[in-house]
Amino acid sequence: MGKKWIVFFAYLLLSSFFISSSSAGITKESPLPIGQTLSSSNGFYELGFFNFNNSQNQYVGIWFKGIIPRVVVWVANREKPVTDSTANLAISNNGSLLLFNGKHGVAWSSGEALVSNGSRAELSDTGNLIVIDNFSGRTLWQSFDHLGDTMLPSSTLKYNLATGEKQVLSSWKSYTDPSVGDFVLQITPQVPTQVLVTKGSTPYYRSGPWAKTRFTGIPLMDDTFTGPVSVQQDTNGSGSLTYLNRNDRLQRTMLTSKGTQELSWHNGTDWVLNFVAPEHSCDYYGVCGPFGLCVKSVPPKCTCFKGFVPKLIEEWKRGNWTGGCVRRTELYCQGNSTGKYANVFHPVARIKPPDFYEFASFVNVEECQKSCLHNCSCLAFAYIDGIGCLMWNQDLMDAVQFSEGGELLSIRLARSELGGNKRKKAITASIVSLSLVVIIAFVAFCFWRYRVKHNADITTDASQVSWRNDLKPQDVPGLDFFDMHTIQTATNNFSISNKLGQGGFGPVYKGKLQDGKEIAVKRLSSSSGQGKEEFMNEIVLISKLQHKNLVRILGCCIEGEEKLLIYEFMLNNSLDTFLFDSRKRLEIDWPKRLDIIQGIARGIHYLHRDSHLKVIHRDLKVSNILLDEKMNPKISDFGLARMYQGTEYQDNTRRVVGTLGYMAPEYAWTGMFSEKSDIYSFGVLMLEIISGEKISRFSYGKEEKTLIAYAWESWCDTGGIDLLDKDVADSCRPLEVERCVQIGLLCVQHQPADRPNTLELLSMLTTTSDLPPPEQPTFVVHRRDDKSSSEDLITVNEMTKSVILGR
C-alpha cells in the first residue's frame, strides 16, 4: 500500500511539472495562467508571471531559465500589474495577444492583429515573444519591436526618419519597479550614428560616432576589437544597431535604473560584467562644458583646449566646470586669410570626438582640412578611419582625452595662439643686448605714442563733433546716445564671454546697463565697408520702425573709430538654436511654431506695407529671427539701408547680397529684387520651421534633393503632412500643417507675380479660405560642405543688407 502512494505522488509531481513548464505556444484555446510558464525550445528562456517580494502585483515577463536569482529581460505590463489570481495571457478572437486581469478586464494588449484564421504566441530561441498567423506563418507582433530595459542577441535599436519609427531602451524606475524610469538609450539619426543615453531630455552619456566596427568614444573598441554590435545606416533616413551573439553564451545589454549601460555574460555560475558606461567621471555628458576637455589620466580632470580659458574662473577654481571655456584670442576669419589674422589648426591627440559633429564626404585629410579652413563657421575637424571627415560648426561639447586610443582633433585657432618660444640658450646669450634694444625701443615708442595721441585727439574730437552734429535729435526721437565707457562697462570691456555671435558687420555682445537693463551691442567693424552716410541712414531710418515683431534699436555710440548700435536683448537667442537642436526643438511644439510663422509674417507685412517706409529685408533667414522671453519672434539684422526716391516696388542691383538657399531666383540670377523677394525667403523659412530641417543641409536619398523639392513632392503625394518634424507630430493638427506647407510652396514659386503679397499671406495664415494650387517651384541645387559653409553669404563685401524704399 505504501509503494502505491509513493507511485501516485510521483505521478502528481511529474504531471505538475509538465503543466507548469511547457514549450508549446499560447493559443485561443490554451491561454497561459499564473503558475504556468512557456519555454523556448532550446531551454534558454522562459515566459510567465512573476512578482517582487511576494507582492500581489503580478507581471508577465521573459527571463533566463534556470538562473538564480531570476534576471528578467522583458516585461509586458510594465505600467499596470495584475492582481487577480485568475489572470492569464491569451490569444483574442482577432488574433492579438491579451493579458486579462480576471474580472477586471484587459490589462495589456499587443495591439490589433485582425487575423480571421487565428494566431498563436511562441517564445523563440532568441528570447523573442512572437505572435504568428496560423495560416501564413507571418509574424504579426514581436516583443523585439517593443524593448524594455534590455537587449538580447538578435534584438535591434532603430530609427526611421520617414515613418517616425524609433526603437529605444527605457530604464526601470527601480530594481523592483519595472515601470518606465528616467533614462532612455537610443541611437541618434546623425551620420554617423552614436549611442545616446538621456535623462529626461538632458544628455547623460554618449558613445561617440560609429566608425565601421567601433564607437570612437570607447577606447576598448580599438581596430582589433570585434564588437557585439552591427550598425547600419542608409540614405533614406533610417538606421539600426543590432546586438550580436559572437560566442553562443547567455548575454545581455541593459540600461539600469541609474542610467548606466551594462554588457554582461553568464559563465555558468555568475554574471560577468564586460562593459559599463558611464563609469569614469569624464564619461558623463558635458562635465567640462563647451570647449572644455575632460582628461582621464590626470587630476584635475577638466582643462581648456589650447587657446581657451575658463569662462567662469571662480566657479572653475571651485571644481564647477560646466561653464566651460572661451577663446583667449578672437578669430578673424575671411575664409582663406594668410595675413596676421590667419587661422591655423592645432591638433589634439587621443580625443573622444565632441558632440554636434557633421559628416562631410571628402576622401582625404587634406581636403577635409582645406574645406574647414575656407568655412568660417568650421571650428574643428577630424579625419577618422572608418568614417572620413567630420566637422564641427558648434561649440565643442563633451570632449574627452584618453590615456590611449582616441582620435586626432584639429581645432581652429588664431595664429597668434601658436607662436613659438625662443630657446633658453639663445635668450640667455642675448639677454643684455635685447634689454638694451627694448629700453631704446620703449623710449622711442613713448615719444611716438605721445605725438600720435596728441594728433589723434584733435582729429577724433573733430570727427566725433561732426558725426554727432549731423545726427539731429529731432531725426531720431527716443533714441539714446551712449558713451563708450558705459558700453564698455555693460559688456565687461567687450569680453569674449559676453559675445553672442558674429554678424556680417561685426560681433554682437550682451551687455547690462547700470539700471539692470540688458542690451545687445553690435560693434561695427572697420572692415564692414560702412561710411558715415550709410551709418547715419541706418540709425535715422531703422529707429523709426516700431513693431512688436521687429527687434528695436535703443541707441548708438560714436567715439573715435568705434561705431556701436544698441538693440533690445533677446533672452532666447535666435530661432535656429531651437529648431536645429535635437533636444531644444522639443520646446517649440506645433502651436508655437505656427505662432512664430504668423508673427514673422506680421513683421514682414509691417515692413512692406504698414510702416511709413517701405523696407525690403533681403536676408530673411532662421538665424535672423530672434525670440524673446515669451518665444515671440522678432526680425533682426537689417544691415545698412539705402533710400530711393518715389514709390518704387522693385529695383536692380549689382551687389547681390543674402544667404544661399533663401534668395529668390530672380534676385540671385539677375539682381532684381522686390517685396516678392522677401516673400520667397519667408516661404523657405516656413518650410524649415515645419520640417525642422536646414535649407542648406537637407538632402533626401541619393538624388540630393533640396528641401523645396522634397516639400513639393510631399505636397503632391500626401498633402505635405509627412514633411512635418516628427518630434512635434503629436501636437499638430494635420490640416493646419498641410495648409502651411501649401502656403510655403505658394511663396517659393518661380515667378514673383505668382507669389502672394503680405496682405494675402496674412489672410492665408489666419483664415480657412481656399488656397490656389502652387506652381512647381524652381529646385535650386544647394552647395554642400565641400565648397561652402552651411550659410553662404552672396555679397561683394560680405555685408547683410536691407533696402529701404520711400513710399
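Note that Cβ sites are derived from N, Cα and C of the backbone, with glycine treated the same way.
Given the structure is predicted, the values throughout are model-derived calculations rather than measurements.
Record features (Swiss-Prot):
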{"type": "ACT_SITE", "residues": "Asp619", "note": "active site, proton acceptor"}
{"type": "DOMAIN", "residues": "278-314", "note": "domain 'EGF-like'"}
{"type": "CARBOHYD", "residues": "Asn53", "note": "N-linked glycosylation site"}
{"type": "CARBOHYD", "residues": "Asn94", "note": "N-linked glycosylation site"}
{"type": "CARBOHYD", "residues": "Asn117", "note": "N-linked glycosylation site"}
{"type": "CARBOHYD", "residues": "Asn134", "note": "N-linked glycosylation site"}
{"type": "CARBOHYD", "residues": "Asn236", "note": "N-linked glycosylation site"}
{"type": "CARBOHYD", "residues": "Asn267", "note": "N-linked glycosylation site"}
{"type": "CARBOHYD", "residues": "Asn320", "note": "N-linked glycosylation site"}
{"type": "CARBOHYD", "residues": "Asn336", "note": "N-linked glycosylation site"}
{"type": "CARBOHYD", "residues": "Asn375", "note": "N-linked glycosylation site"}
{"type": "MOD_RES", "residues": "Ser528", "note": "phosphoserine"}
{"type": "MOD_RES", "residues": "Ser543", "note": "phosphoserine"}
{"type": "MOD_RES", "residues": "Ser623", "note": "phosphoserine"}
{"type": "MOD_RES", "residues": "Ser636", "note": "phosphoserine"}
{"type": "MOD_RES", "residues": "Thr653", "note": "phosphothreonine"}
{"type": "MOD_RES", "residues": "Ser696", "note": "phosphoserine"}
{"type": "MOD_RES", "residues": "Ser790", "note": "phosphoserine"}
{"type": "TRANSMEM", "residues": "427-447", "note": "transmembrane segment"}
Tertiary contacts of the domain 'EGF-like' (278-314) (same chain, 6+ residues out, Cβ under 8 Å): 197, 202-206, 259-260, 320-329, 346, 348, 351, 355, 395-403, 411, 413-414, 417, 497
Euclidean distance between Cα atoms of Asn267 (N-linked glycosylation site) and Asn53 (N-linked glycosylation site), Å: 27
Of Asn236, Asn375 (the glycosylation sites), the residue whose Cβ has the fewest other Cβ atoms within 10 Å: Asn236
Residue among recorded positions Asn94, Asn117, Asn236, Ser543, Ser623 with Cα closest to the Cα of Asn134 (N-linked glycosylation site): Asn117
10 Å Cα neighbourhood of Asn94 (N-linked glycosylation site): matching recorded positions from Asn117, Asn320, Ser543: Asn117
Cα proximity to Asn320 (N-linked glycosylation site), best match among recorded positions Ser543, Asp619, Ser623: Ser623
Neighbour tally for Asn267 (N-linked glycosylation site), based on other Cβ positions within 10 Å of its Cβ: 10
Recorded positions listed as Asn94, Asn117, Asn320, Ser543, Ser623, least Cβ neighbours within 10 Å: Asn117
For the recorded positions Asn53, Asn134, Ser636, the one whose C-beta sees the most other C-beta atoms within 10 angstroms: Ser636
Recorded positions near Ser623 (phosphoserine), in sequence order, restricted to Asn117, Asn236, Asn267, Asn375, Ser543, Ser636 and a 10 Å Cα cut-off: Ser636
Cβ neighbours of the residue listed as 'active site, proton acceptor' where a neighbour is any other Cβ within 10 Å: 23
Distance from Asp619 (active site, proton acceptor) back to Asn375 (N-linked glycosylation site), taken between C-alpha atoms, in Å: 20
Asp619 (active site, proton acceptor) and Ser543 (phosphoserine), distance between Cα atoms, whole Å: 19
The residue listed as 'active site, proton acceptor' and Asn267 (N-linked glycosylation site), Cα-Cα, nearest whole angstrom: 64
Spatial separation of the residue listed as 'active site, proton acceptor' from Ser636 (phosphoserine) - C-alpha basis, Å: 10
Pairwise CA distance, Asp619 (active site, proton acceptor) versus Asn117 (N-linked glycosylation site), rounded so that it is a whole Å: 62
Pairwise CA distance, Asn236 (N-linked glycosylation site) versus Asn117 (N-linked glycosylation site), rounded so that it is a whole Å: 36
